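What TrEMBL lists as domain 'PAC' is 86-138, 215-267, 342-393, 466-515, 589-639, 718-768. According to TrEMBL, the domain 'PAS' annotation covers 139-198, 394-464, 516-558, 640-683 (among others). TrEMBL lists 781-1004 with the feature domain 'Histidine kinase'. Taken from TrEMBL, the feature domain 'Response regulatory' applies to 1025-1141. Per TrEMBL, the feature 4-aspartylphosphate maps to ASP1076.
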Amino acid sequence: MTINQKRPEHITATDPSVISIMDAPMPYQALNEQGECVAVNQTLLDVLGYARRDLIGKNFAEIIHPDRVTHFKRKFSNIKAIGELYEDEFEMVKKGGGTILVSFNGKIQRDAQGGFIRMHCIFQDITERRRAEIQLREKSVLLQNITDHMLDMVGITDLTGVFTYMGPSVHRILGYEAEQFVGTSVFDYVHPDDAEYIASEFAAFTADPSPDTTRTVEYRQRCADGSYLWLETKGKILFDDHGSPYALFFNSRDVNERKHAVDALRNTESFKRKMVANIGDVIVIVDGQGIIRYKSLNIEKWFGWKPEELVGTGVLQNVHPEDMGAAEQILGSLLDVPNATRTMECRYRCKDGSYKWIRITGVNLLHEPDIGGILGNYRDITERKNAEQMSLEREQYLKSILQTTVDGFWVVDRHGKIIDVNEAYCRMSGYTQTELLAMAINDLDAMETPDDTRERIRRIMVNGSAIFETCHRRKDGSSFKIEMSVTFIDIQGGQFICFGRDVTERQEAFEALQESEARFKTIIENLPGGVFAHDFTGRLLIVNAAAAKNTGYTVQELRSLNVANIDSGGYTRDDREQLWNSLNLGEVLTIESSHTRKDGSQYPAEIHLNAIMLDRQPAILAIAFDISERRQVQAALSESEEKHRSLFNQSAEGIYLHDVEGKILDVNQMACMQTGYTKEELLRLTVFDLHPAEPGTINLPKEEVLRMWQQWQPGQIATVQAEHRRKDGTPFPVEVSIGLIQYGERSIIQSIVKDISDRKALEARLLQAQKMESIGRLAGGVAHDYNNMLSVIVGYTEMALEKIRPEDPLYAELMEVYQAGKRSTDITRQLLAFARKQTIDPKAVDLNNIVESMLRMLSRLIGEDIDLNWRPGSQLWLLKMDPAQVDQILVNLCVNARDAIGGVGEVTIETRNFTIDVDDVQAHKDGAPGDYVMLAVSDNGVGMDKATLDNIFEPFFTTKGISEGTGLGLPTVYGIVKQNNGFVTVYSEPGGGTIFRIYLPRLFEAQPQRASTDRTAAPSGRGETVLLVEDEPSILRLGEMMLKRLGYQVLASGTPSQAIQMASKSKIRIDLLMTDVVMPEMNGRQLAEHLNALFPSIRTLFMSGYTADVIAHRGVLDEGMHFIQKPFSLHDLGVKVRAVLDDN
């Protein structure tokens, strides 16, 4: 494991490198300071078999092998204190309980102050690689043991006959050391008499190489002592991965004794018998038709067959089917040429069904009388074949390992040419394998010249190996640092086995470590607190300039002292070791103590303690701050504490004392009540935590506030409005008075905070009331002009209808005009009701009686699919109200309920008495304390969301479709209620229906009045004279016509002055003044007062499109006033005029 004390760069959780590694194919996770997993990518989950929820929040030690937990915790604590990079290998536990061996690389991310943020961890599963390395070592040992103990001599030559490898058996057989053969030629050791034969066989064998072909020769080879030994040598051509021949593998067997025995006994009958009886090979004679005529007895020993079982059968019948074609070809060529000798290797079936590898040598002796056939011998070569297969498998195994290793691997000849390379180096360099095999090492090395390379090759050949770093050049022109391990092998003319690892990141980490150390020194030297890093004995290891300044020593003097010379805490070595162990487990410790200066004086110090590692030894890092000034401030505050604490805590406003940086030093109880924080919580905050300058708030930016405070002068006071935030996150408006207070030499800001939520709410309600009043004035004015026009339209149409028979086609058309005028009249009345300009005549009424009289009409209005429930309150108090206005409220609310239900449902009307006391005012913000009669209309319709509820009383706001609503229904209700000094509450939620509650003031000591509902024909005049005054000519003409039709004499005037003149000059008695209220020159009331002075008996009927304060207060007629609302019908006019004239 290695620990490096530097990270290459600062990274964050939103760094593109971090975001991309979550999608990378390598396993990744991030650990927090407690070693808990805070992020993990899908690759790691797939490798270990966990779900994301299994790992997030789990300590990393829970998923590594128990044997490595203590090791990891210790190393993780150390690396958190001083390190940046963590590399290790250990077993991780998979979800099913199994384990994998991983290579672990961790990099710590720190903040600008060096604080731990997280550790980024990358894993590589090396289980198979480690298993392969072990198997490779085991196979190498096995192969070495095989070659060391083989009876035959084995070796490898290149295609020219130069030895590149010789097995150790050569020493036992020929007396040479194996190393003596490497680099020499096979022809150097052949007997001169056999040299031509061997050269011919070698050339023929290598001229047309085939992977399946072997060749066997017998010849004499020189021993180390100069003698010659007969050898039987079998050769096989080796091919590389591209199918090209590159070497010849051979094994040689000592046949010296056999040769001498054969030579000595060749021409004797005894030789033949002994040869057949004792030779290790099986002897066979085959006739010209390929039929076996003789088999030696030892065939049973080797293959299980008795000779008599095979004699008379075909010589090829036990040859393996896959070898049959070659065997038939060899036999055919042998039969064609007398004295011809042929050799082949094939598999031969034993009697038990198994196969053995044999080498067959046959000689055509058909022409020899003694033989008369083909003489052959079978030799069992199964063991040798198995050894060759094992050697081939080992070679392929080694190649596969080299091709799959993560490190680059290549082979270079002694001239620097690349002759083999693996895929890992291809990925490193960007070249393909074909491109690299056409290159030399100089084409890749970006640092060495050809002369440098030749010199390095020379040194490696002398020393045998070398490890060094260099720089290689990629195909795209970029370069990368690479660590090389090169070994020289003196085979095939000398080869260099090279392993290379890309160490660019390691080099960058090392450079970053150096930068980190420099940065660490700079930070230590510039810390405002004194740094006292010491070991368990108290010996000071690191101190900084601030420590020297605070104590009066020089840095050099401090380094020669013990921490006990500065701090009088009296810690022992065991105390410090125990403290370090506690801190190393994550405990954070801040203490206060007393430090001693060089001159013997003392000062109070606040000390922050941490556990660190210095030069691989545990140490305690103490950062001490001189808090003398803080103590002085605390002492100064304590002096006035008793004097001001009572006033401070009992203030009705929140009071904050904070420094010019915003750090809160003290607060009173009201500040806690305003914000919901405890005093202890507020003292850990700054004032900017309570009113952050976020978008949508009126708070000033922090930088601007700090700049203002820095320039503040004692006695200077400012009052501003801001928005504070409670502990639960809810905002509330405040008014803050800010002043500067001097405590000793320290400047303290005093902020007195007043919660102005109620004031703001009242201001908002006032603003809403002013807005509604403005809209009402506009609506009233529009209604006035609109009513004048409607008076003309409705009046003339009504009189025209009286002149036409109903069957006349024009009658229906005029009726449409009349009905449209009436509907328009209803709209203007709604506008007037909303604007509170509707003229009303309040009476003492029982609300239950009015509702009951409306129930039948309301049932028809909402339809038979909706049930109408009526719940009258008992002993209901009286109201003073115009009954027609109650009708308007009920109609508007029931129509709205019907539309909200849209099908089957129910509407409930309820009344009851209701009293609001002082404690209930907050819950009913629009109401004043007192007695009310409550009228509630509820439905089970679709309900409304908050956005809709906020706008329902706005004029012309509607949720209905085009031509389905005017948007005046609920504003009309609101206007009527306000006109009668009541208030409205609404509760609704989507899908939960709606309930309107209307609260109307109670009327004391009165009896209910019932309005007549009888409708008779319009009464006619009795010849009375009416003075009609109207400044609108069209209405003046209309009124004159209506009155005359009703049987009255009419004096019509367009202005008040003209009316006074006409009245003064009139010879007849004027019984009634019918005047518009609002006119030029003077209003209708002034005109009436003027004429009453002249004619005391004259009666007055006022008319107007909307009422004014001239004759009514807030739309309520003054006592004794008679009024008719424009537009009016002929019938309404007749009834009203008659009623005024008959009023005694």
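The backbone N, Cα and C atoms fix where each Cβ goes, glycine too.
Automated prediction, rather than curation, is the source of TrEMBL annotations.
Sequence-distant residue pairs (6 or more apart) of the domain 'PAS' (640-683) and the domain 'PAS' (516-558) include fewer than 3 whose Cβ atoms are under 8 Å, leaving the two stretches without contact. Model confidence over the domain 'PAC' (86-138) is summarised by a mean pLDDT of 84. Panel annotation: around the domain 'PAS' (516-558), residues 5-7, 84, 113-114, 564, 566-567, 571, 573, 576-577, 580, 595-599, 603, 605, 608, 612, 614, 617-626 of the same chain, lying at least six beyond its termini, place a Cβ under 8 Å from a Cβ of the stretch. Across the domain 'PAC' (466-515), DSSP classifies residues as 12 helix, 27 strand, 11 coil.
Remark: secondary structure over the domain 'PAC' (215-267) totals 10 helix, 30 strand, 13 coil, with classes taken from DSSP.
Taking Cβ-Cβ distances under 8 Å and a sequence gap of 6 or more within the same chain, the neighbours of ASP1076 (4-aspartylphosphate) are VAL1029, GLU1030, ASP1031, GLU1032, ILE1035, GLY1084, PHE1102, MET1103, SER1104.
Secondary structure of the domain 'PAC' (589-639) per DSSP, as helix, strand and coil residue counts: 12 helix, 31 strand, 8 coil. Helix, strand and coil counts from DSSP across the domain 'PAS' (516-558) read 22 helix, 10 strand, 11 coil.
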